[in-house]
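Colleague: First the structure, then my questions, so here it is.
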Amino acid sequence: MKMRKKVLAVVSALVITTLAFTGCGNNKSASSDNGSDSGAKSQAITVVSREEGSGTRGAFVELLGVVDENENDITVSSAQITNSTSVMLQKVAQTKSAIGYVSLGSLSTDVKAVQVDGADATAENVKSGDYKVSRPFNICYKEDKLSDIDKDFISFIMSKEGQQIVNDNGYIGVEATESYKASGKKGKITLAGSTSVAPLMDKLKDEYVKLNADASIEIQESGSSAGIQSAIEGATEIGMSSRELKDEEAKELQVQKIALDGIAVIVNTENQVTNLTSDQIKKIYTGDLTDWTDVQ
């Protein structure tokens, strides 16, 4: 009887020990599974783009290859469309899964610019050619339709003083050889076009009006294509474009490059991604890459 009790006690102890180890093993397995699921949690990419006719969009899709064999824009149809630089910044800042693009000179701390092919989006890297996603800022006009004050403002933009303002605001200026001397011109100047060029033009306007107190300048933010068309039709004296003019547009207007600007690819500040390749960006905007786990 005593022997039987001892055997039962040993068996019971073995069963309890086995169960304890089994429990520990299950707990470890569950913990590992949870960690794996957490690390691999998918998050659909929210593609944010500019409207058709935007010079920034036109330059972006051309530079990143978001076009078909006929050079038609093939931005994914599910992309959320914004109609200005400020709305683009706001949308990406408010959407954790978003990706977008803006003028380098308009970049704010509310969003994060990622490296493209390992290069930071900086004016220095644009100038050196290390950052490839860049385009010109142009003004366009009909020479014979310009007033004296229009011509004087253009002279100011292209002067050493005007180009210093360009450089001071994070863009890359063009070579300037002439200094500007205030003329005291009177009258109103109207410019229309790119929402990317507009912030820079505001800075130039402010300084010009300080030097010419009787001058007034109105800047209409309507998009590059609309600004070019306004200049062609004579609805405004000077158009602003953040892309090169098409051949048929350039036949109608005089074109003047006033600066070089990078296009920053931006994500939400909480996004862990810091670098994307040109090919990844292209695939995101064509809809071939749809989840952030595919690019991390």
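All residue numbers here begin at 1 and follow the chain in the order shown.
Note that Cβ sites are derived from N, Cα and C of the backbone, with glycine treated the same way.
The signal peptide annotation in TrEMBL covers 1-22. If you look up TrEMBL, you'll see 27-50 marked as region 'Disordered'. Summarising the annotation, TrEMBL assigns compositional bias 'Low complexity' to 27-42. As annotated by TrEMBL, domain 'PBP' applies to 37-161, 185-294.
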Colleague: What is the pLDDT of the domain 'PBP' (37-161) when averaged and given as a whole number?
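Modeller: That region's mean pLDDT is 94.
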Colleague: When secondary structure is assigned with DSSP, how many helix, strand and coil residues does the domain 'PBP' (37-161) contain?
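Modeller: Secondary-structure breakdown of the domain 'PBP' (37-161): 48 helix, 31 strand, 46 coil.
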Colleague: With DSSP as the yardstick, break the domain 'PBP' (185-294) down into helix, strand and coil residue counts.
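Modeller: Its residues divide into 41 helix, 36 strand, 33 coil.
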